[in-house]
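Record features (TrEMBL):
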type: TRANSMEM; residues: 6-32; note: transmembrane segment
type: DOMAIN; residues: 7-670; note: domain 'Major facilitator superfamily (MFS) profile'
type: TRANSMEM; residues: 44-63; note: transmembrane segment
type: TRANSMEM; residues: 75-93; note: transmembrane segment
type: TRANSMEM; residues: 100-121; note: transmembrane segment
type: TRANSMEM; residues: 136-158; note: transmembrane segment
type: TRANSMEM; residues: 165-185; note: transmembrane segment
type: TRANSMEM; residues: 518-537; note: transmembrane segment
type: TRANSMEM; residues: 549-570; note: transmembrane segment
type: TRANSMEM; residues: 576-599; note: transmembrane segment
type: TRANSMEM; residues: 611-631; note: transmembrane segment
type: TRANSMEM; residues: 637-664; note: transmembrane segment
Amino acid sequence: MREVVIVAIAATVGNLLVGWDSSTIAAGMTYIKKEFKLETNPTLEGLIMSTSFITGTVVTIFSGTVSDMLGRRPMLIASSIMFFFSGLVMLWAPNVTVVLLSRLLDGIALALALTLTPLYISEIAPPDIRGTLNTLPQFSCSSGMFLAYIMVFSLSLVDSPSWRAMLAVVSIPSVVYFLLAVFYLPESPPWLVSKGRVTEAKKVLQRLRSNEDVSGELALLAEGMSPAGENATMEEYIVTPASDLMANKEAGRDCIKLYGPNQGGVSMVAQQVSGQSSMVSRSTLTLSRHGSIVAQAENLKDPLVNLFGSIHDINPPTLDSGGSRAMLMGGDTLHSNENLNAPLLSAQGSGVERDKGFGSKDALGTGNNDANQLPKSSDIGGGWKLVYKSGDGGRKEKGLQRVYLRADPNAGSTQGSFYDGYDMNSEPSESFQAAALVSHSVLCPKNINMRPENAGKRTGFGGLSDIGVKRALGVGIGLQVLQQAAGINGFLYYAPQILDQAGVGALLSHFGISSTSASLLVNIVTTFAMLPCISLSMRLMDVAGRRAIMLYTIPILIVSLMVLILRNLFNMSANANAIVTALSVMVYESCFCMGLGAIPNIVCSEIFPTSVRGICISICSLTFWISILIVTSSFPFLLQILGLSGVIGLFVLGCIGAWIFVYLKVPETKGMPLEVIIDFFAIGARPE
């Protein structure tokens, strides 16, 4: 995974510049206000702060659509160019008008970096570490803030600090960002597949995975162009050693057969728990595994949350010592190979005859003359397998069926499970449960061209009307609004002033530094404290999951904000008041970065189909920018009207609303391939 990690780190240089910019403008505003006499003009002060957000709002409207047309990489290159010129303009800035021009260019750079970096990383990352890699933008952003505060603190110690130099330094690292984007970053494989450039996508995947055989992931990207339709089904299977079932003559032609890599025989056999092949009720998936009291509480959640949760909490059915395996029937013949020498579709019982072939190309349209082969590798990450079966099996749809198969994660320690990399060369001895999502495949004998026009689902704005996309947009938009309602940008951009009002300058006055420098020093400590917190979040993102991290960190935000409100009710000394304020701000910002700061962008980059992912990300980012614009432009007025405690009280309400929304509406997406997440939204959003 080394190469994909390095590429992800290189892509987040733009987020480092975002953090650098937010810190330098927050610190530089103190000097800009003095030079241009803005103390009595909060409107102009708010305009300087919000110009980049106004620009970002406009740019975001088009960035997703343009990235769907031109690719992700060109947009990152454009972001680096805008950062470079915004710094140069700010270095020259003789008046407020030129400052606003620099902020306008800066807004373009910010919008492109914030919108497209999580999207880009999600599309290049394997499911097992996608959450960790997509936390890198937040870590990079906080690192940029930390480094920038060190710089502005050092400049504040001189007799005549230059705010122009503070804000112009961003041009230097932007050159590094430009060179990396042009000469090192590859294009996103899903975007390449969506444009029919499968050969290029294969080369990129081989580089990122350091593996020659990426056929399974290529097939997955192709399948992702057509999310599950109305006839998609959820099924549950028992996977058991083939020798065990065949010895008892229980494995007939309708079982699902899994082949080992270097053998002609069947290694494992999957059989459906029930005798039918119908979609499992969304409520059944959860309520059948919980008591009645818990079930009633679960009913408050969106069915999508329960559906995703059921996949992360599979409990194996009881196997009695008698003949319970004989009850496990269903499915059509499925042939898969785990690493690959046996053909995926053999002539034996397949229904897709070898001698008919697939035409002049292979199944992915790469021009390979070995036309009879579907993907050799079935592993698509996170314990999921992509396998295929043919025939209708009682369904309305005929032809090739794709099966996303996942073993019980609780069986990962057993010899039989392939969840944590089961070695099919060894002799399997135990049974385990697997869940499967079955739907019509875009790979079929009569139409093997993998181009978006043949993929079956609507693209562009027409795709936004699909019920799964609409439900995903509700989750994404809600997270972006409530993230800003929690008040983070009020703190980031006005924290130096808040700390100054709390008397932090007086606390550090005996060190012989000004109150402005003292507040900057506190921000250095605060942003430094963010880094280990984000590192912990990175470690937990693919273990505990996105949803759990948010549910546990938001209450800490509420407590830290309440401390800032209630401190005024106690007769504390000036020094004690300054310490409590500084600690509360530090805890708030650090825990926010762990959860509600990083995760909304991660979730938004995971839940939309490839065909409309850019547009949907633009809509979510547009919501983000509008929310930031409202918070940053209104903050000075709210401070004057409500006071600091009143404004923080509004942020407490925003945090409470965010926790309720996450609990009821946000599903857990850890470890799931993007294409599987998309299919779950498609079937989970359907009415029962």
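Yeah, the Cβs are placed from backbone N, Cα and C, and that goes for glycine too.
Residues 11, 14, 17, 21, 63, 66-67, 99, 101-103, 105-106, 108-109, 112-113, 116-117, 120, 164-165, 167-172, 174-175, 177-178, 181-182, 185 of the same chain lie 6 or more positions beyond the ends of the transmembrane segment (75-93) yet place their CB under 8 Å from a CB of it.
For the transmembrane segment (6-32), the most Cβ-contacting stretch among 44-63, 100-121, 549-570, 611-631 is 100-121 (pairs under 8 Å). Distant neighbours of the transmembrane segment (44-63): 21, 25, 29, 32-33, 36, 38, 75, 96, 99-100, 103-108, 110-112, 114-116, 493, 614, 618, 621-622, 624-626, 628-629, 632-637; these residues of the same chain sit at least 6 beyond its ends, with a Cβ under 8 Å from one of its Cβ atoms. Counted over residue pairs separated by six or more positions, the transmembrane segment (165-185) shares at least 3 Cβ pairs under 8 angstroms with the transmembrane segment (136-158), which defines the two as touching. The stretch from 136-158, 549-570, 576-599, 611-631 that makes the most Cβ contacts under 8 Å with the transmembrane segment (637-664) is 549-570. Counting residues 6+ beyond its ends, the transmembrane segment (136-158) has Cβ neighbours under 8 Å at 8-9, 12-13, 15-24, 27-28, 117-118, 121, 165-166, 169, 492, 513-514, 516-517, 520-521, 523-524, 527-528, 530-531, 534-535, 537-538, 593, 597-598, 601 in the same chain.
Outside the transmembrane segment (576-599) by six or more residues, the chain places 134-135, 137-138, 142, 479, 482-483, 486, 488, 491-492, 495, 498-499, 502-504, 506-507, 522, 525-527, 529-530, 533-534, 536-537, 541, 546, 549-550, 552-554, 556-557, 560-561, 563-564, 567, 658 with a CB less than 8 A from a CB of the stretch. Mean predicted confidence for the domain 'Major facilitator superfamily (MFS) profile' (7-670): the pLDDT average there is 75.
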